[in-house]
Amino acid sequence: MLVLAFIFAVSLLQGGNAFYLPGLASVTYCSDSKNNENCKSDIMVYVNRLNTVENIVPYEYHDFDFCVPIKDVANSPTENLGQVVFGERIRPSLYELAFARNEACKTVCEKTYKTGDKSSLEKLTFLKRGVSLNYQHHWIVDNMPITWCYKVETGDKFCSIGFPVGCYVTKLGKRKDTCVTLADFKASDTYYLYNHVDIVVEYHRLSPEDWGQQHTGIGGRIVAARLTPRSIDNGDKSEADACGASLPVLGIPGSLEKEIKFKYTYSVEWRENDQIKWTSRWDYILESMPHTNIQWFSIMNSLVIVVFLSGMVAMIMLRTLHKDIARYNQMDSLEDAQEEFGWKLVHGDVFRPPRKGMFLTVLVGNGAQLFFMTLITLVFACLGFLSPANRGALMTCALVLYVCLGTPAGYVSARMYKTFGGEKWKSNVILTAFFCPGLVFGVFFLLNLVLWGYGSSAAIPFTTLLALLALWFGISVPLTFVGAYFGFRKRPIEHPTRTNQIPRQIPEQSLYTRPLPGIVMGGVLPFGCIFIQLFFILNSIWSHQTYYMFGFLFLVFIILIITCSEATILLCYFHLCAEDYHWWWRSFLTSGFTAIYFFFYCVHYFFTKLEMSGFLNTFLYFGYTTIIVFLFFIVTGSIGFFACFWFVSKIYSVVKVD
């Protein structure tokens, strides 16, 4: 099974570039659209929200005092549910591109900030705050990010999907962020604004066979868009001279003493590039992220752990258990059985229903729902449907799958609760449908209120919250009830042994067979298999980096399932050998404790990798982290629970019990 999963994942990794995204069609542009009906010459440049690694709170482009069209909402592209939840706000801009038409220097708008104008100073203060916190622009053309490519310390080229608003030199003269790249950025307590961009657009020219002999002009498809931001003090210059390389940089002092006037300008250069095909135009962005070698190292490290655990389980199943079962089945008298010890002696108590069984079934039911949601989402992602080019598709797919998979949650919870002999079926169904989703929604709504208060673009609109509630109450809850109905109609799962009326006394346990040490040890190996992958996932969430390695993620998820299952089975066997039959909750908590290590890693990541500070950032970071860790806890706990349930049922079903 492991080998097949590995081969399948590798084939997905190798075949990821063989085709482009299903459902996304190319757009043909031409220099003469009047005489060609099947192409466009005008190209819209869209702007997205601005974010930074120094602050969790993102803002819309229009919250800053940039060049903004008067009527932009009507022309904005329709955002899907995933984009809204992630806080993306895509709006049209005043930057205009025409296919194959170069622009030497074009003015977008002019800004003036006067010392006595309160409204003007408030806008300037907010802009300077964006500069000091290194907020990043995110521009889009032809559904591609306009990237800013630069060399890193190793000499390699890195292409970022955002570029900074500006840079800041502190009062002590320390040059922050991109201010270190130019010697002119040297005045203390000065905000240097990037008010000019040099845009270079590359296109793949269409051949006569593709373009058609009847068409006139140049036709092609955009394959790359890059820009270089510049700071130019051009307030008193004409449009023709506003972009000169000899002009001084635009520095805004910390305390404004005189009027500041400058222009936002841009230049455009079109280049023909027949080496890049439209289907592979994202490669130059993704290939600049040198993470592949680390990913393979992570996979090999995880496979070593899996092989170790598989060997341990195989040794127990083939040697220890085989000998035990053969010896127990050869017993002729009850006296011989009484002389034995170990997991055989608790056969009359091993399937005794646990305490708080209803709550356990609720968690397991929701875990099954989240597990299938994650698995199906990763399969779609590996097939290319949820690539970065398909904006918001990942979150949209996950939310839709979650609400549509309410039936497995209700069925699993009801079936297990009936197996435990529970009679409060109404409470079980209601808790399954509302407890876990309600807890997550409550925390999420609280965090959303904070973002509302700060006017952030990440705050989900009230209408979208109503839509999420409608999906929950209108689809997920009824499907959970349907699943619970079929689960309660089924007969309880039959155990291979009968449960004694009087519980067996558990002997005093040694340190390593007590519940807490076993639970703490159980999450170490599963976490060791995934912690490198967690680094890239956290980078994509908090450092705003593009995540595209879904083939690796799918393989790591399979490894996580195997390690959670095998680690839980091993510890469950050790506890049964110590005559401790309380395995129901322990199996859930053993693999679920992986989430606690995940939380500790998130704490380490916050203090060592991020540059955020302040109560707001800390509150939002750990609020969202709590949601993620809670969901991860439910999924991993359910994996261990079902693995241990299968293991216990299997070993006691092959033993003769008098």
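Every residue, even glycine, has its Cβ placed from backbone N, Cα and C.
Automatic prediction, not curation, is the source of TrEMBL annotations.
Taken from TrEMBL, the feature signal peptide covers 1-18.
The feature transmembrane segment is assigned by TrEMBL to 296-318 (among others).
The annotation transmembrane segment is assigned in TrEMBL to 359-386 (among others).
Marked as transmembrane segment by TrEMBL: 392-417 (among others).
Annotation source TrEMBL lists transmembrane segment at 429-454 (among others).
Under 8 Å from some Cβ of the transmembrane segment (466-488) lie the Cβ atoms of residues 81, 399-400, 402-415, 418, 425, 428-429, 432-434, 437, 441, 460, all in the same chain and six or more residues away from its ends. If you look up TrEMBL, you'll see 466-488 (among others) marked as transmembrane segment.
Note on the transmembrane segment (519-542): residues 53, 56, 291, 294-295, 297-298, 301-302, 305-306, 309, 512, 549, 552-553, 556, 559-560, 563-564, 567-568, 571, 586, 589-598, 601-602, 605, 609-610, 621, 636, 640 of its chain, located 6 or more positions outside it, place their CB under 8 angstroms from a CB of the stretch. Under the heading transmembrane segment, TrEMBL lists 519-542 (among others).
If you look up TrEMBL, you'll see 548-576 (among others) marked as transmembrane segment.
According to TrEMBL, the feature transmembrane segment maps to 588-607 (among others).
TrEMBL lists 619-648 (among others) with the feature transmembrane segment.
Within its own chain, the transmembrane segment (619-648) is flanked in space by residues 56-57, 350-351, 360, 363-364, 366-368, 370-371, 374, 436, 439-440, 443-444, 446-447, 450-451, 522-523, 526, 542, 560-561, 564-569, 572-573, 576, 583-584, 587-592, 594-596, 598-599, 602, 606, 610, 612, which lie at least six positions past its ends and keep a Cβ under 8 Å from the stretch.
Non-local neighbours of the transmembrane segment (392-417) in the same chain are 79-86, 88, 357-358, 360-362, 364-366, 368-370, 372-374, 376-377, 380-381, 385-386, 425, 428-429, 432-433, 468, 471-472, 475-488, 490, 492-493; each lies 6+ residues outside the stretch with a CB under 8 Å from one of its CB atoms. Remote same-chain residues near the transmembrane segment (429-454) are listed as 57, 358-359, 361-363, 365-366, 406, 409-410, 413-414, 460, 465, 468, 472, 476-477, 480-481, 484, 616, 619-620, 623-624, 626-627, 630-631, 634 (criterion: CB distance under 8 Å, separation of at least six residues from the stretch ends).
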